[in-house]
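Participant: Sharing the record's features from TrEMBL:
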type	residues	note
TRANSMEM	28-49	transmembrane segment
TRANSMEM	70-94	transmembrane segment
TRANSMEM	179-203	transmembrane segment
TRANSMEM	215-237	transmembrane segment
TRANSMEM	263-283	transmembrane segment
TRANSMEM	304-322	transmembrane segment
TRANSMEM	379-399	transmembrane segment
TRANSMEM	406-428	transmembrane segment
TRANSMEM	440-464	transmembrane segment
TRANSMEM	471-492	transmembrane segment
DOMAIN	527-587	domain 'CBS'
REGION	806-829	region 'Disordered'
COMPBIAS	810-822	compositional bias 'Polar residues'
Amino acid sequence: MKSTRRETTREFLTRQFQNIVHFFVEDWFISAALGFITAIFSIFIDMGIEYLIHFRNYLLETLEQYNNYAAFLGWVMYITGLVYVAALVCYGFGKQAVGSGIPEVKVIIHGFVLKNYLSGKTLIAKMIGLTLTIGSGLPVGKEGPFVHIGAIVASLLNKVTAACQYNAFFSNEGRAMEMLSIGCAVGIACTFSAPMGAVLYGIESTSKYFAVKNYWRSFFATTCSAMLFRFAIAFFVPQHIAGTITAYYQTYFPNEVFVVEELPFFICLGIMTGLLGALFVYYHRRIAFFKKRNRIFQALFGKSPILFTACCAAIFAVLVYPNGLGSYVAGKYTFRETLVDFLSNCTLWKPNNGSEGCPPHVLEHWSGPEGDMMPINSLLIYFLFYFIIVPVCITLYIPSGIFVPCFVIGACGGRIFGEIISMIWPYGLRGLGQPQIYPGLYAVVGAASFTGSVTHSLSIALIVCETTGQLCALLPVLIALMISNAICAFLQPSIYDSIIKINGYPYLADLPPSRISVHQMKVERIMVKDMYYITRDTTYRELREMLLETPTLRSYPFVTDSRSMTLLGSVARKYLLYLIQRKLGPEPELFGHRRSYRTPAIKRKIVSRTASEIFSTIHNLRRGSLGANGGLHSQANALMTDRNISGNTLLPQSPLHEDQGDRSPLAPLLYAQTNQHEPIVHSLAKRAEILSKKLDMEEVAIDPAPFQLVRGTSLYKVHTLFSLLALNHAYVTEKGRLVGVVAVKELREALSNIYSRGAVVPRPRVRSSTFRLNHEQDLEQQILNGHTDTGEPTVIRTPRVTIEAPEDLIQNSENGEPSGQNKDNEKHS
């Protein structure tokens, strides 16, 4: 028996050195670089915002010395101009920079890569647009855009490490998702200077399931970000604005800030903020649907969202003009300045000369233009104004966050509640000489509970403790936060899931609590029974017709025969297209983009794109397999790999993905793609002969382990599996027999009205596609019979395919689901 050669000392040291280098590069360097780069971006954006805000106030004060009308005009033009330029930047550099960014990142992390959402141009547009928008004073936040910025930086770092792709670490799709999750946490850390709460909030807002092994990377990256942020504030940022660009709201409550008798008040505050949070989400969704569906609005602003954005900015500027209506809503002051007032350790209604009353400069903010207005009335106007205006502003064509506005609105509502309690019990619940009631504490609780109800997150409690620097408010914050979160989660989805629903992204939202219907309904009630499949008797003609008829399928089941229907595996569409091209030559119809749909009710043509043009896998995006326009050339020449050939059923566990080298069943196919050949052109007779042949199953790369379900699987379990494994579809079997298939589309339709009606059975779809191929088949039959022979190479072209689409493919649904284009991304049958 031969003895194994021992490793030399040099080889041992070389191997260990490589391991150390990979360890630092993969785990430490990239995480630190992500934190540092995002923090640098955050510092520059915050400085730009503060300079713009200071210049706005300086311009107002300067023009007021000359003429009040000039001051009003300058105020309105300044805000409108900055917002208009921000919208233009988003339109010119990247439309993907519009909005929060958290919903899109959430969709990407769950398996769908939205085109250009993680590109460098989007990063530039997001940074410039965010700086101009918040610098104008528009009531939007920056946490959502910073989450998007962090995700973009993480994606770009992955591309920078493309030279290390020989290592499986960098080419792993799971690693890319981990990096995006870290980027989201870093974005939150840069916004609130709260590294611990940022990690938890990033997980709650973007991930359903989080790998515990990724915890330490997230904490390390956020710590690096916070460290650089504080270092820059101390040494590089000018001192006159250094204290204004940190989201650190230090409170000075005593340790005994509340008594046990106040706990029912915190419970009541949690109930109210939960109901208000559900109303906020519902109101925002109604506004978004109004903009999409109202004919008058579409006629005026449908083709010019920038104009509508500028009009809204002008209206807002008029309403918050400090010498007009804005004097009642603290129009001159930023969210940061008003939040400091809300959290202050004083009482607004008490005389300012007392030990518990607020100082004069705080009362000036909330006493009206003449100083004769009750502060609580001013606070109430402020709350109602921003509760109405913020949902409108976050639907505009600009980068906009939701967290900070909700935090301020909740703090204002909590402050009002606390002031009322303090007025009823001026000496505290236990009497004179005992702990008093602190309205600032109720503002902290209201801010956390309202924001938590809107975003459906509990990590707000930790963020509040980090930003206020005190733990004494933790218990009332947790009580109100959990109650408000539970109430809003029962009534409405989170604001991020609501935006996903509005935009029609193919994403499975979280199930609301206590919905019995998802446990009672089984998958057999929503599965598609009229399926396309491949058998051993399938001919190339039947395969070609099936591929033409189903341009959006990713894979096809392979069964024994049409009678027994025993499932043997799954075959990817990508491979079948390659097989058809190899046998018959160029087939432009199989890669065509234009398909005309017709219905009895609507006689019109809809030009749509296939799923691969709108959503592609991470691997394809990284390798650039699709061209910029997703054209025919780019699709036809996109190389297959052992990672993308299975149709995305359950990639990591397929036996096709074992590293078998030349022994892999995919080896001949993958090697053959690299060989350049002249296009095959057959004569008509030869083509007809090939089309009549049966598929050679020995040449077909079959995935023998597609994901399967049984008929009795509950909808709750199906939702859990699809969310956990990022599945696109699954086959339903009964004792090995294929009985149906269920995809994300069916699951989303069944759960589309989960909050109002529970789980419902989607409308059944009948295969209604018709193909005008009779002429071609008759001609080929004549050739086989010897009646016609041209003797010249001929390529038969199929007439235009006409598909009678279901009505729901044409019309927008009531739930904001996409029509036509986006639905094709999920359509599987």
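Every residue, even glycine, has its Cβ placed from backbone N, Cα and C.
Note that the structure is predicted; figures quoted are calculated from it, not measured.
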Participant: When you scan the chain for residues with a C-beta under 8 Å from the transmembrane segment (70-94), skipping those not six or more beyond its ends, what do you find?
Facilitator: 52, 56, 59-60, 63-64, 116, 119, 121-122, 124-126, 128-130, 132-133, 135-138, 305-306, 309-310, 313-314, 316-318, 321-324, 396-399
Participant: Taking a Cβ cut-off under 8 Å, which residues six or more beyond the ends of the transmembrane segment (471-492) line up next to it in the same chain?
Facilitator: 251, 253-255, 257-258, 262-263, 266-267, 269-271, 273-275, 277-278, 281-282, 441, 444-446, 448-450, 452-454, 456-458, 460-461, 464-465, 498, 512-514, 755
Participant: Would you report the average pLDDT that the model assigns to the domain 'CBS' (527-587)?
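Facilitator: In the predicted model, the domain 'CBS' (527-587) has a mean pLDDT of 85.
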Participant: Under the DSSP assignment, what numbers of helix, strand and coil residues are found in the domain 'CBS' (527-587)?
Facilitator: 22 helix, 15 strand, 24 coil
Participant: Counting Cβ pairs under 8 Å that are 6 or more apart in sequence, does the total for the transmembrane segment (440-464) and the transmembrane segment (263-283) reach three or more?
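Facilitator: They are in contact.
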Participant: I'd like to know if the transmembrane segment (179-203) touches the transmembrane segment (215-237) in this structure, counting it as a touch only when three or more C-beta pairs sit under 8 Å and are separated by 6 or more positions.
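Facilitator: The answer is yes, given that the two segments have at least 3 Cβ pairs within the 8 Å cut-off.
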Participant: With a Cβ cut-off under 8 Å, give me the same-chain residues at least six positions beyond the ends of the transmembrane segment (263-283) that come close to it.
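Facilitator: Non-local partners: 387, 391, 406, 409-410, 413-414, 417, 421, 442, 445-446, 449-450, 452-454, 476, 479-488, 491-495, 498.
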Participant: Under 8 Å between C-beta atoms and at least six residues away from its ends: which parts of the chain pack against the transmembrane segment (28-49)?
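Facilitator: Distal contacts: 127, 130-131, 134-135, 142, 146, 149-150, 153-154, 157, 161, 179, 182-183, 186-187, 189-191, 217, 220-226, 228-229, 232-233, 236-237, 241, 245.
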